[in-house]
Amino acid sequence: MLGGLARKLFGSANDRRVKGYRPRVQAINALEPELEALSDEALRARTEDFRRQLAEGKTLDDLLVPAFATVREGAKRALGMRPFDVQLIGGMVMHEAGIAEMKTGEGKTLVATLPVYLNALAGKGVHVVTVNDYLAKRDAEWMGRLYRFLGLTTGIIVHGLDDDERRVAYASDVTYATNNELGFDYLRDNMKYERGQMVQRPHFYAIVDEVDSILIDEARTPLIISGPLDDRSDFYNTIDTYIPRLGKEDYEVDEKQRSVSMTEAGMEKMEQMLSAAGVLKSASLYDIENVSVVHHVNQALRAHTLFQRDKDYIVRNDEVVIIDEFTGRMMPGRRYSEGLHQALEAKERVQVQPENQTLASITFQNYFRLYEKLSGMTGTANTEAAEFADIYKLEVVEIPTNVQISRIDDDDEVYRTAGEKYAAIIELIKECAERSQPVLVGTTSIEKSELLAELLKQAGFRQKDFSDPTAFNGRELLINDRSGKSFAVLNARYHEQEAYIVSQAGVPGAITIATNMAGRGTDIKLGGSADMRIEIELKDLPEGAERAAAEAKIRAEVEELKQKALEAGGLYVLGTERHESRRIDNQLRGRSGRQGDPGHSKFFLSLDDDLMRIFGSDRLDGMLQRLGLKEGEAIIHPWINKALEKAQQKVEARNYDMRKNVLKYDDVLNDQRKVVFEQRVELMNDEDVAETVEDMRHALITETVAKFIPENAYPEQWDVDGLDTALKEMLALDLPVKDWAKEEGIAGPEVTERIIRRADELMAAKTAQYGPDIMRYVEKSILLQTLDHLWREHIGMLDHLRQVVGLRGYAQRDPLNEYKSEAFNLFSALLNRLREVVTAQLMRVEIVTQQPPPEELPPMEAHHADPFTGEDELAFAGAALGSRPQPLLSGDLAVAERDPNDPESWGKVGRNEACPCGSGKKYKHCHGRFA
């Protein structure tokens, strides 16, 4: 109460922050007449003038007012749009590394051009981050007109570009890209073997569109690049056959935590079945030999109990395709990790694809913290303001709307059963259709959107068929859309038609059923989209007077339809249940009432809804029965809204804690990742790494000698045999250590010195034999390849450690501290192993002068994996090492030219290589069987 009174008297902190920007807005407005008088060339010349001022010592803050004024004038000329005063404020918030919360339709895309232009003047590159390729292309082409007008270059990073195209795009002043592509490029860059092959520049400044979706919803989802492992499809299919034989008493499902665990009875039953089938390697299911079997049994159980077809995934073209829980979009190529996707494929009886091994990974939380400066924009961020401040040090500022919102938000209607709820929804849709009011119906899953579609068909409505992407025949289809008795379904099944469906959702009488609208990125305009109609109806009409007249006619029609939609009350947003996140609900509401248009929103709930059921609908059901609530009646009260909001806050708090916990663990890996990646870049930049490998060799020899010759020990106490064996195995050195031990007055340091001298002589001889250039290249290649190989193994070990370290809590030990300690020990072991392997390989290496045939690299894939649901987002990630001819190495790395008829000449052959005999089979299936 007192807080509310204080806010009335002094204004909120947000109000005061916004007020603080007003003087600079006035200064920008004051420059407008002066800039209007400039020619296009003179306006463009200001860009170079700003850069000169920066070079002379001015800061970006010093240039904010004139730069923003220049962008405003440029936008008027290049785009026909003039940023409002509140949009200038949004731009200032983002320049100051904040998050601008701007309602739908307030022009976030245009706002971003203000801080983008200002920060691009520094010449370090600005990244504008979007959630999908469509938005990246659209915004880059649209706003690119303004940047080009002002003399800046623009690049686009989307799926399917090669490295040269990416390098050019990243070298541009402004680069539009998706969050996934940025993260994958960073990981791929740190798998390259030459500095010139990398595509990204240092991370300077990024503006993240739909920042809540990327930095909150996807925060706990690592980006993963992986390579394939051996095919185990038979194993998954075998495990899957036993899951349906379990009864409900054999496992416990926790919907709140989205987890499932077997009871003791279930474990015994599963153990008996697997033992009888010969799957177990030892008597007990929980013996160490069966750890892999237990893991896959648990994943198969999750697949059958926690994941629903048409809600979490769909089966399309004999593949299991994941559905994004936040947007309802289909994500072809994305795969669940750690065997879960294979378990789903076995469950659905489709082809089981092989598992993958992680080669590199990073979370969005850690990727975006690489930037010197980070900012964002969204329509809904305030509910997560604390998380943005805590993790990303970003302050959320609510930007006032240019025109006051006039949408009416009704209290929720709560029904006892889902059937009663849907009946009420159908009635409201009918009422809206009678007055030609456009309706947007939001659902939480494909399953529920299709259930509602079926109910509408039963009520006499016709569903538009979008199964054929080529089915659009322009004007005819648009006329059919306005019949008032047809509806469109927007979900993962019709992803290709998404832009068209959204563009027509504001036409009078339009009925659109949509899974979560988060991240759609397209405004629903009352009357429909004139641009979309022009694109469809006039696609075959060439430029000229006839086309101009046709365009004018369409725009007039759209304006007329807009007036009809306004008279009918604007867009009616109808929610069919509450989402776990208030933010998703607010995004759905925000689709209506853009730029001051009238609108309406209401949520219909039932006690069968997921959120209600998980958070105590039993008690509410008893209360409603006692109140005498009849069938078909709803209860409407602000108290219910508050109770639901509290339930949502609980879920949000739990999810925040989970994300925070993930970050604590990932920070451990992130610190190590930074060290390894920075070291890689240094090694790539070094032309000569001879000194580095020499230091490694000397340190290894010193440690090895100390292990077998204790300090101040007599020669009789030395482990001479152990040292002799170690020198032969690690360094390929056969030295008279036993004779040295018999010398009078010999000591450990002198032995160390002799071994170092002999090893250095051997390496000097190799350099003289092959030439310094070849030897330096070989040293660098071995060092980088070994580092990569050991790092991949290290990631796998840390991942395994993370899965089991929680059990140490039962021993009253803090799992996080245990993880940090173990991870440090593993990292120290990695560095020691790096010294050993690099030194051993260089001491043995022989170089064959023939040019080897080009060797195909193993296929690699990029995944976007959720550590809790296991989701992986995949994109092919070629990681070619460059076109430079590589000398052929023998020993541990490669082999000389092989004679198919002489196995003696084959040397060491990889298990998955083609057999040198020429059979076409893999080595492990041919001569390797006898090796």
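Note that Cβ sites are derived from N, Cα and C of the backbone, with glycine treated the same way.
According to Swiss-Prot, the feature ATP binding site maps to GLN87, GLY105, GLU106, GLY107, LYS108, THR109, ASP523. Under the DSSP three-state reduction, THR109 (ATP binding site) is assigned to helix.
In the shown protein chains, 20 other C-beta atoms lie within 10 A of the C-beta of CYS915 (Zn(2+) binding site). What Swiss-Prot records for CYS915, CYS917, CYS926, HIS927 is Zn(2+) binding site, and it gives sequence analysis as the kind of evidence.
The distance from the Cα of LYS108 (ATP binding site) to the Cα of CYS915 (Zn(2+) binding site) comes to 58 Å. What surrounds the ATP site, by Cβ distance within 8 Å of the Cβ centroid and not counting GLN87, GLY105, GLU106, GLY107, LYS108, THR109, ASP523, is the set MET102, THR104, LEU110, VAL111 from the same chain. When secondary structure is read from DSSP and collapsed to three states, GLN87 (ATP binding site) falls in the helix class. Counting other Cβ atoms within 10 Å of each Cβ, the binding-site residues GLN87, THR109 show the lowest value at THR109. The most crowded of the binding-site residues listed here (GLU106, ASP523) is GLU106, judged by how many other CB atoms sit within 10 Å of its own CB. Scoring each of the binding-site residues (GLY105, GLY107) by how many neighbouring Cβ atoms lie within 10 Å, the top position goes to GLY105. Around the Cβ of LYS108 (ATP binding site), the number of neighbouring Cβ atoms within 10 Å comes to 25.
ASP523 (ATP binding site) and CYS915 (Zn(2+) binding site) have their C-alpha atoms 58 Å apart, to the nearest angstrom. Overall, the recorded ATP-binding residues GLN87, GLY105, GLU106, GLY107, LYS108, THR109, ASP523 cover a maximum inter-Cα distance of 17 Å. Put simply, CYS915 (Zn(2+) binding site) is 61 Å from GLY107 (ATP binding site) when counted between their Cα atoms.
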